[in-house]
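> Could you have a look at this structure, given as structure tokens, before my questions?
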Amino acid sequence: TCSNKGQQCGDDSDCCWHLCCVNNKCAHLILLCNL
């Protein structure tokens, strides 16, 4: 199981190459991330 920044993302566990987790989904657009 691979998670982005050590964070589980709902049903998406393969978040290595994503910026963050939004609405239990991996997000790859910085605009979708809450900074």
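Cβ coordinates are placed from backbone N, Cα and C, and glycine is handled just like the others.
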> According to Swiss-Prot, which residue among Cys9, Cys33 is joined to Cys20 by a disulfide bond?
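Recorded disulfide partner of Cys20 in Swiss-Prot: Cys33.
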> Looking only at Cys9, Cys16, which is named in Swiss-Prot as the disulfide mate of Cys21?
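So the cysteine that Swiss-Prot bonds to Cys21 would be Cys9.
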> In the structure shown, which of the disulfide-bonded residues Cys9, Cys21, Cys26, Cys33 has the fewest other Cβ atoms within 10 Å?
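Result for the disulfide-bonded residues Cys9, Cys21, Cys26, Cys33: minimum number of other Cβ atoms within 10 Å at Cys33.
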> To the nearest whole angstrom, state the Cα distance for the pair Cys9 (disulfide bond) and Cys33 (disulfide bond).
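Counting only the Cα atoms, the answer is 13 Å.
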